[in-house]
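Participant: Relevant sequence annotations retrieved from TrEMBL are reproduced here:
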- 194-264: coiled coil (COILED)
- 21-62: domain 'RING-type' (DOMAIN)
- 154-197: domain 'B box-type' (DOMAIN)
- 401-458: repeat 'Filamin' (REPEAT)
- 598-641: repeat 'NHL' (REPEAT)
- 685-725: repeat 'NHL' (REPEAT)
Amino acid sequence: MAMAVPNKSLLDEVTEDFLSCSICLEIYKNPKVLPCLHTFCQQCLVTFKDKSGGVLKCATCRIQCDTPIQELKSNFFLTSLLDTFQKQRQPSTDHPPVCETCQVTATHRCVDCPQFCCDVCVTVHERIPALRSHEVLTIDKYREIQSRGHLKVQSKVFCSVHKDSQLKFYCDTCQIPVCSDCTIVKHRVPEHVHRDLQEVADEYKTQLKEMLGQLKVKEKQVKEEKVAAESTREEIRKQCEAEKEKVKRRTKEVMERVKREEKMLIDALDESARMDLKDATMNINDWEFHHGNIVSTHHYLETLVHHGNAVHLLSTKPETTKRIKEMVAMETIPPISHDIIEFQPSSDFAAHALIGVIKCDVCPSKSTVENIPKQLVKGVPVKLLITTRDSRGKQIIPRQNIQVKTKTPGASWENIDITDNNNGTYHVMITGKTERKQQVAMTIGNEHIPGSPFHIPLIRGLVQTVGKAGSAGQLSDPVGITINKHGDFVTADISNNRVTMHDRDGNYKQSFTFTGQFAKTFTPCDVAISDDNEYFMTDVNNKQVVVSDEYGKLIRKFRSSQIDEPCGIAINPVTKNVYVSESSKDCIRKYTQSRVYIKSFGKSGNMQGKFNSPYLLAINSKGMVYVPDYLNHRIQVFNSDDQFMFEFSSTGDSTMRCPIGVAVDRNDYVYVSSNHKVTKHDSNGQFICRIDSDKDGLSWPHGVAVCNDGRIAVVDYNNKCIKVFVE
């Protein structure tokens, strides 16, 4: 089959490597093409398969070939190339070609036969009908094309079965080129469909060009991937080298740290031993002095007894007797004691002490406790600091165990967790739990620290007043209140047109006013905080809900035709929906946090599910909604689907009057402000206790909130402040 290559010299386009088998590295002999399109000598494939255990895999791409070698297709393209290549390298001769029929000088060349012809034979050749389609070139034209290495002048390909028959057809059924004889013998119609070989080749060439375009794109992609892989390889190498440098630096740092800690530990041991050695040396010197006196006195008196006369013996009798009695009576105390020091290896190489620490005997009587409060507020934690010291008062890491216990309301002792600062100091957090006094015992090695056990008075009831007149951030007609993640009091101060923030100690921090950002002055009634730390505030004057960040920067606002006089606001922890109470419309509105209106429920009346001025509502951890029904003197409870569940109104010895605010703690206990008092109820509304007392002077309490430490913050509307209670 004739095929053309680009208009370049074949010698420039094709090299011996292209025509060489990659197995034997020699010019192809009977080249066979694998399904992966890689070509090898037939005999090379046989040998290669035998060496591979009977499995034939491509030597180039390693794809397995299951087709028997004898059934593999010959690579006609490479065969033609080989023929051209070899002829191009044959030495040229000056002898003109000879007609292969008449043996006279040839003037033409039939490309299809292929053979040289003289003028007479060419005339005969052209008259034969079967040969009229053959391409006949003059000798000069043939040589010109041949010099360029053009395949078109190469011999036609003949059938491997019918040796003298040229491949002129293509069997679509078998998808192989066939000769005329094949169409009669093995590829007969109608079972087989034949087409002209050149027609199919031209058609396939068009398809192949399209596929080559796709292949070119894929080639580019693979090349890019290769470049990326090479870049990744280089990155991996560089990263590995960089990490190895880190390892070396870290190793150097660790070794330097080990050396520093070694010196520190050795110095600490030397210092501790130096003091004890000094005391021991002084003690030895004292005993040597006394021992020398006794020895010399004993030697003198022994000599006197053996060699002295009566006068000698009796002349110093009183002095001798007294001196002997003094020496015999001299107190002999046991050897001086010393603190035991020991090295404790570290079991955790990631700990603060890489090698270990030096621990010493502690002297409990020299150890100290700081920050002992004069009184405890029930439920409010206080952090204490214990410092362990040796007999000289020096801060040390003790060998003995430290224990801190507190007496429970049931009169039993329970351990309190201790935080070891790994330097001879310890932090302890104590929280008031019992009535009247809290007992805290601190022992080191079963011996009490001075002052232990400590008896700390415990206070309850009203413990703090925030935002009162004359203070920074004083309140004027505060209504709703909540507690933020920092433990701050966040209060809707309606007459001051702001939301005010005080820290847990009552110090004023900041206010939100939104001056000039709305059509009318911002007038907040209540505030709630989402899990995302967004502040939702009802604005009565502008009939809207305002949303800001914790610094008062406006994020969004929403209002609708449904909102008329927004009052209380709460966020359902289960559904995340926003609930707004409308005291003038006697209903509850529901919105998404992104300000989409959902629905309303409730209407005027005194039946279940109806309201008469609903006020500052709250929602517990299960999504139960507690609504203070102000003029119906009750609390109504709804589930997250807005279905009425139950109501309650008891405050122990009396009935609830005008409830305004509700709060829920983390255990779902309910706190209600009503008619100058605050009461505690369980989640079912059963009365538990009153939080305040008459002496606390609550006057028309509004909003209620539970602090992070369990204290109850109550807005005292008439007294214009926040009062904080401990139950």
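Even glycines carry a Cβ here, placed using N, Cα and C.
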Participant: For the domain 'RING-type' (21-62), what's the mean pLDDT in this predicted model?
Facilitator: 90
Participant: If you run through the repeat 'NHL' (598-641) with DSSP, how many residues end up as helix, strand and coil?
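Facilitator: Computed counts for the repeat 'NHL' (598-641) are 3 helix, 20 strand, 21 coil.
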Participant: Within the domain 'RING-type' (21-62), count helix residues (DSSP H, G, I), strand residues (E, B) and coil residues, in that order.
Facilitator: 10 helix, 9 strand, 23 coil
Participant: Are there residues at least 6 beyond the ends of the repeat 'NHL' (598-641) whose Cβ is under 8 Å from a Cβ of it, and what are they?
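Facilitator: For the repeat 'NHL' (598-641), the list is 479-480, 526, 562, 567-575, 577, 579, 581-584, 586-592, 647-649, 655-664, 666, 668, 670, 672, 674, 683, 685, 702-704.
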Participant: DSSP on the repeat 'NHL' (685-725): how many residues come out helix, how many strand, how many coil?
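Facilitator: Per DSSP, the residues of the repeat 'NHL' (685-725) fall into 3 helix, 20 strand, 18 coil.
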